[in-house]
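Positions annotated as active site, proton acceptor by Swiss-Prot, on the basis of sequence analysis: His44, Glu74. Marked as active site, proton donor by Swiss-Prot: His202. Sequence annotations record features per position, and here Swiss-Prot assigns 3-amino-2-oxopropyl phosphate binding site to Asn8, Arg19, Asp203, Gly225, His226 based on sequence analysis. Taken from Swiss-Prot, the feature 1-deoxy-D-xylulose 5-phosphate binding site applies to Arg46, His51, Thr111. Taken from Swiss-Prot, the feature site 'Transition state stabilizer' covers Glu162.
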Amino acid sequence: MTTQLSVNVNKIAVLRNSRGGTDPDVLQAARTCIAAGAHGITVHPRPDQRHIRAGDVLALSALTREHAVEFNIEGNPFAPPRAGYPGLLELCRATRPEQITLVPDGDGQLTSDHGFDFAQDTTQLAELIAAFKAVGSRVSLFVDAGNPDIAGAAALGADRVELYTGPYAHAHASGQTDTALALFADAGRRASAAGLGINAGHDLSQANLGDFLAAVPGVLEVSIGHALIGEALYQGLEATVRAYVDILRGSQVGA
């Protein structure tokens, strides 16, 4: 089985919002990604609406259903609703995405940079996971590879974990990947042993994705946005998505 590519289109919305109006068009970008072979689309609507907004979520939900690809909504389940942001659970109830990825990021964070601490978040998180699964969606939890209790995600009711790959990307850029890859491979094995599916994301790129998949068995999905959109500035969006799909086809799950 080939690892699936879900393209995160947040950065398209960042560029649109920086000027106002509707250009570049998030929906058109998503269509291009799907036509080029992306298996899904990811968004991370934040309460401050810095990029993806509630209206985008609704429109992208319809688009992904039309094209029979998966829709993955990321977000902080603890963030309360506010003006323009109905809350993650309400957005998911309105769209029923194939996957909901829960991420413990605060309002002031530039980007997601750590996973859940199951020692602190358990009771409320278990209740929230049950509520999200009642929507009919698969639930994935954002976790650090070094988390000693990755299996705890299964006990809380999650279906998958998404390994936060930022530390691996930094290690790869510095030419020191062995220790990082060993850590992620171990995390993958522990997740699989607990019956959890494995996703991965954050700072994955054409330069480092192949090495990661070769070392970490069983990755079902990668969510890639920042690097992909940056590369697309030089290579074109369609060509960039096709390049990622080619990398994934060369790295079979479980190989």
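Using N, Cα and C of the backbone, Cβ positions are placed for all residues, glycine too.
On the structure: features taken from Swiss-Prot.
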{"residue": "Asn8", "record": "3-amino-2-oxopropyl phosphate binding site", "DSSP class": "strand"}
{"residue": "Arg19", "record": "3-amino-2-oxopropyl phosphate binding site", "DSSP class": "helix"}
{"residue": "His44", "record": "active site, proton acceptor", "DSSP class": "coil"}
{"residue": "His51", "record": "1-deoxy-D-xylulose 5-phosphate binding site", "DSSP class": "coil"}
{"residue": "Glu74", "record": "active site, proton acceptor", "DSSP class": "strand"}
{"residue": "Glu162", "record": "site 'Transition state stabilizer'", "DSSP class": "strand"}
{"residue": "His202", "record": "active site, proton donor", "DSSP class": "coil"}
{"residue": "Gly225", "record": "3-amino-2-oxopropyl phosphate binding site", "DSSP class": "coil"}
Which same-chain residues, if any, lie at least 6 apart from Glu162 (site 'Transition state stabilizer') yet have Cβ under 8 Å of it:
Thr101, Ser140, Leu141, Phe142, Val143, Asn199, Ala200, Gly201, Ser223
What's the CA-CA gap between Arg46 (1-deoxy-D-xylulose 5-phosphate binding site) and Asp203 (3-amino-2-oxopropyl phosphate binding site) in angstrom, rounded?
19
Compare all C-alpha positions of Asn8, Arg19, Asp203, Gly225, His226, the record's 3-amino-2-oxopropyl phosphate binders, and send over the largest distance in angstrom.
25
By the count of other Cβ atoms within 10 Å, pick out the sparsest of the recorded positions Glu74, Asp203.
Asp203
To see if you understand the setup: which same-chain residues, six or more apart in sequence, place their Cβ under 8 Å from that of Gly225 (3-amino-2-oxopropyl phosphate binding site)?
Val7, Asn8, Val9, Asn10, Lys11, Thr42
Including all protein chains shown, what's the count of other C-beta atoms within 10 A of the C-beta of the residue listed as 'active site, proton donor'?
23
What whole-number Å value do you get for the CA-CA distance of Asp203 (3-amino-2-oxopropyl phosphate binding site) and His44 (active site, proton acceptor)?
15
Expressed to the nearest Å, what is the distance separating His51 (1-deoxy-D-xylulose 5-phosphate binding site) and His226 (3-amino-2-oxopropyl phosphate binding site) at their Cα atoms?
13
If you measure C-alpha to C-alpha, which of Arg19, His44, Glu74 (recorded positions) come within 10 angstroms of His202 (active site, proton donor)?
none
Closest to Glu74 (active site, proton acceptor): which of the recorded positions Arg19, His44, His226, going by Cα position?
His44
Which has the fewest other CB atoms in a 10 Å radius around its CB: His44, His226, the listed recorded positions?
His226
If you count CB neighbours within 10 Å, which one among the binding-site residues Arg19, Arg46, His51 has the smallest count?
Arg19
